[in-house]
Structures are given as structure tokens and as C-alpha cells.
Ligand code: NAI
């Protein structure tokens, strides 16, 4: 069997962390033949809680889990990791200004980025989950310039999966029968879930475009988009906690596709550095449809973009430009 791979989860004592670490230990991130050593980071006040998670991981007797580091020491957490799932962050609380929250996250990401750059594996693959995920990923790059752009991503796979699920429910087919939706832009309520290139295999086994299978453009152009954009808030309202189960599952989908590749003819959505494709300002971390192969992602090129989509893609880009400017102003202070 392969040598164990070290995987970092920051914010491991939190909601998503608690849902994510058992999936990693079961092989859902790196595959059923890949032993792992879990590095779990949280802040000092959460150490008892993190210790409790460690105790449960031991009690679960996962065959693939070959070691656990549970720590509040950023250097210890970052050392030797090949995959970094950045879940920890400072949430926006009622009455807080955006700048204040961004300031707290900039200081968190500054320290963690510097540790990753210095102590992680040279080819570490990073996925930022903590919000504002796209901009946190940019901040991470700012303080870890040695980590290549192509290795820094943010999670929009949950939004992608939510879009697939909505279409599957509407058409009445298993979710596996739907593919090639795209999430464009920010992991926020301005994201644009795009069905124009997607395909559904109907119950009769016939492949149709999503628009043809759903046969309700009004729903697709309005309610569907809003449901996907606001799904996170809807779940918080019902559960009183974040969508931790589905976020953790999406992290595994994101990383496992990144490493093992996407199926022929299928793409997924990932927040990645824009190279200017589709007129998106270069240098933003923006969610694009991507294919992956041999551990590398590539933006799907040549999709036709209509005026409706263009306006939505530009609006979410404008929000990211604004977030970047805010982060830059904090970084320069
Ligand atoms: P949570 O509040 O339950 O957990 C966050 C954890 O991060 C806490 O244990 C906290 O102590 C820890 N933390 C705070 N500062 C830290 C630091 N400097 N170093 C290490 N750990 C630190 O939150 P939850 O529900 O687990 O969500 C985590 C993040 O993920 C939030 O920012 C949330 O908005 C975001 N999120 C992103 C999604 C996406 O699709 N990109 C989906 C759902 C949530």
C-alpha cells in the first residue's frame, strides 16, 4: 500500500471539520487505497473540542487513518501536508462591517499561508472553504507567493452539486443523470448557476439538454438560480448551523476530482485563478467550469455565452473585484 499522505484541515473542531475528517479517514478525499495522516488545526479555546474529535477518530478504527495531529500550532499543522482544506475562519457576526470581518480573515490567512509556503509539501494542493472563500484564497496567495497559482483553489463544488440536485429533482431522475451545469463567479449570493450547457439523461435513457428536459425557462431563469444562490442561507435557517454535511462532501468531490480527474465529457466547477477566459478579469479567483487530468485543472473553453449569462457573470466578477480591493486595502495598511 502507498505511503500515508498528510492532509490538513483547519477549523477542524467546527461544524464542517466534524463532518469532513471522517470522510477523509474513510478514503473519500484521496481514494480507498491511500492511507492518510490527518493534521487538524484549530484555535487554543477549541483544543478540548478538537481533542474530542481526535478521540472519536481513534474509536472509529479507520483502517486508512495512520496518524493524527491535533494542534493549535500552525507550523506543526502545516508541516509536510500535500492537501490543505482551509475551513477555519472568522464568521461575520450580526452588526459587523465587512471590512472588520475581512481584516480578521486576512490576519488568519496571512499566518497560515506563510506556514504552508514554508513547511508544506512543495506541491501542496489548497482548497479554501472559509468565507469569503474566493477572496480568502487570493489573500492566501498574497502571503504564500511560492505556492503556484494552479495549486490554490476555492470551493464552489457545493454550489455545483446543489444545482445538479435541483435539476434532478425537477426532472425526476437520479442526480447522476445530470451533468455539466456550471457555477460562475463568487461563492456568494451573486454566483451564477448556468444550465445552458448541461445535459440530462431522462428516465427513458435519452440525453437531452437541461432546458429541453426541464421545459420551463421561466423557472430556470429565475427561481432555480435564486434557490441555488440562497441555499446556504436556507439551510442555516432550518438547521441553525451551516450546511456542514454537504460542504464536507463537496470538499471530497473537489479534491478527488482534482487529483484523479473528471470523467470524459464531464466538467465540474472550481474557484480558480482567472487567466482572462470568458472576459473575467485575470487574477481573480473565480468559479469556472473545469476539467481535470493528472492533478491539473483546465478551464473549459469555447462555451457560448448569451446576454443573460454575460450580465450575471459580470455582476459576480464585479463583486469579486470589490472584495479584492477591500482585501488589498487591508493588506497594505
Ligand atoms: P464553524 O464556526 O462551526 O467552524 C469554524 C472553525 O474554525 C471553528 O472551530 C473555529 O474555532 C475555527 N477557527 C477560527 N479561526 C481559526 C484559525 N485562525 N485557525 C484555525 N481554526 C480557526 O463554521 P463551519 O460551519 O464549519 O464553517 C466554516 C467556514 O466555511 C465558514 O467560513 C463558512 O461560512 C464556510 N462555508 C463555506 C462553504 C463553501 O461552499 N465554500 C459552505 C459552507 C460553509
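Positions of Cβ are set from backbone N, Cα and C atoms, glycine also.
On a predicted model such as this, the values are computed, not experimentally measured, just so you know.
Quick look at what TrEMBL lists:
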ACT_SITE  187  active site, proton acceptor
BINDING   11, 12, 13, 14, 15, 16, 17, 42, 105, 129, 130, 131  NAD(+) binding site
BINDING   92, 98, 131, 162  substrate binding site
DOMAIN    5-152  domain 'Lactate/malate dehydrogenase N-terminal'
DOMAIN    156-325  domain 'Lactate/malate dehydrogenase C-terminal'
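Taking H, G and I as helix, E and B as strand and the rest as coil, DSSP gives the domain 'Lactate/malate dehydrogenase N-terminal' (5-152) the counts 68 helix, 28 strand, 52 coil. Geometry remark: residue 187 (active site, proton acceptor) versus residue 162 (substrate binding site), CA distance 12 Å. Nearest neighbour of residue 17 (NAD(+) binding site) by Cα distance, taken over the binding-site residues 92, 98, 131, 162: 131. Separation of the C-alpha atoms of residue 130 (NAD(+) binding site) and residue 98 (substrate binding site): 15 Å, rounded to the nearest whole number.
With a cut-off of under 6 Å between the Cβ and any atom of ligand 1, the binding-site residues 15, 92, 105, 162 reduce to 15. For the pair residue 11 (NAD(+) binding site) and residue 131 (substrate binding site), the C-alpha distance works out to 12 angstrom. Comparing the Cα of residue 162 (substrate binding site) with the Cα of every entry in 13, 15, 105, these being the binding-site residues, the smallest distance points to 15.
Burial estimate for the recorded positions (98, 162, 187): highest at 187, by number of other CB atoms within 10 Å.
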